[in-house]
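J.: This is the feature table in Swiss-Prot:
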type	residues	note
TRANSMEM	33-53	transmembrane segment
TRANSMEM	77-98	transmembrane segment
BINDING	His83, His182	heme b b562 binding site
BINDING	His97, His196	heme b b566 binding site
TRANSMEM	113-133	transmembrane segment
TRANSMEM	178-198	transmembrane segment
BINDING	His201	ubiquinone binding site
TRANSMEM	226-246	transmembrane segment
TRANSMEM	288-308	transmembrane segment
TRANSMEM	320-340	transmembrane segment
TRANSMEM	347-367	transmembrane segment
Amino acid sequence: MTIMRKTHPLMKMVNHAFIDLPTPANISGWWNFGSLLGLCLIIQIASGLFLAMHYTPDTLTAFSSVTHICRDVNYGWLIRYMHANGASLFFICLYLHIGRGIYYGSYYYMETWNIGIILLFLTMATAFMGYVLPWGQMSFWGATVITNLLSAIPYIGTDLVEWIWGGFSVDKATLNRFXAFHFXLPFXIAAMAMVHLLFLHETGSNNPLGIPSDCDKIPFHPYXTTKDFLGIVLLLAFFFTLVLFFPDLLGDPDNYSPANPLNTPPHIKPEWYFLFAYAILRSIPNKLGGVIALVMSILILALLPHIQTAKQRSLMFRPISQLLFWLLVSDVLILTWIGGQPVEPPXIIIGQIASFLYFAIILVLMPIAGIIENKMLKW
């Protein structure tokens, strides 16, 4: 008798993706973040669904409906904080996943990598629109400032902004459409994640050595499922520590004040996971230039496969490139810190130097390091 998981049309798909999938024997814990991102997405969709049952997307009642969820709904406070901190967790896993991809040269799987970049843009859009929904001060002013950046686009900019707003300012129409998009986009993210997996399974996973591993493959289950399960337990432990003990650690106190179009907060800033890009935006005095730099700070990932000069895929045995990689990580952390600071000296010049370094490391220094390393290895 044949095994059902190998013959049943639905089970066969699951089998090929999660059970009998040939996996490199030497993949490390850095390969856990794909499954953890899947878990984060499930947590966000589930908690978001329950929040949507009690939320009203109206400028007069949005803030009080969130208060009602926290005070009157059974475990509403838990669902709300799980959703808010789940977004932070999502981005922590996302950035670690991308960092792993850069370090081990996973960007050579072009389709998988490009779909990953689309997933990153979709997730950022979803998170931004979700931040607007509680209709606190930072929600309102964040939405106003970030959507207003589109007015820098020549000729169509102003019309585009008013079209997105649904009027001449951020108002009821804006909140309503953001609620609709914020609800619908995660399902598109889930669909794109499936395509991401589809392309990954066409080539098979990369591994820390960055060399073909067809001669040394093991089945995904039970080895990598057990490993993923450990990652999930550790992630949930960290997540619930954050949710139950420090729920407001990553939030902005200004968002506990209802939105007031007549009162601008002293420091308008997005959530922590956008601060590095916000710092790059602010470091360029020209509005259009800033917007281009903002988009390029993410889109630059798409250039990685085309600008690499090294003949080794992974950075594991390339000390100069390793140094540059960790310099890049430090630079992103500095940008994140600067993005949360007010625009005044010395924060301005630090932001400009860090922004310049961000692009210089990726576009200039890493390709040069690759050439030097090739020469050192006499390749």
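Note that Cβ sites are derived from N, Cα and C of the backbone, with glycine treated the same way.
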J.: Does the transmembrane segment (77-98) reach the transmembrane segment (320-340) with at least 3 CB pairs under 8 A, where each pair is 6 or more residues apart?
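T.: No, these stretches are not in contact.
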J.: Of the binding-site residues listed here (His83, His182, His201), which is spatially closest to His97 (heme b b566 binding site) when Cα positions are compared?
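T.: Comparing Cα positions, the candidate nearest His97 (heme b b566 binding site) turns out to be His201.
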J.: Mark yes when the transmembrane segment (347-367) and the transmembrane segment (33-53) have three or more Cβ pairs under 8 Å (sequence separation 6 or more) and no when they do not.
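T.: Not in contact, no.
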J.: Checking distant contacts: for the transmembrane segment (178-198), what same-chain residues at least six beyond its ends satisfy Cβ-Cβ under 8 A?
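T.: That would be 17, 37-38, 41, 44-45, 48, 52, 55, 57, 112, 115-116, 118-119, 122-123, 125-126, 129-130, 132-133, 143.
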J.: Using Cβ atoms only, which residues of the same chain lie under 8 Å from His196 (heme b b566 binding site) while being at least 6 residues apart in sequence?
T.: Thr112, Ile115, Gly116, Leu119
J.: Which residues of the same chain, at least 6 past either end of the transmembrane segment (226-246), have a Cβ under 8 Å from a Cβ in it?
T.: 29, 32-33, 35-36, 39, 43, 78, 81-82, 85-86, 88-89, 93
J.: Can you work out which residues elsewhere in the same chain, 6+ from the ends of the transmembrane segment (320-340), have a Cβ less than 8 Å from its Cβ atoms?
T.: 99, 102-103, 269-270, 272, 274-280, 282, 310, 347, 350-351, 354-355, 357-358, 361-362, 365-366, 369-370, 372-373
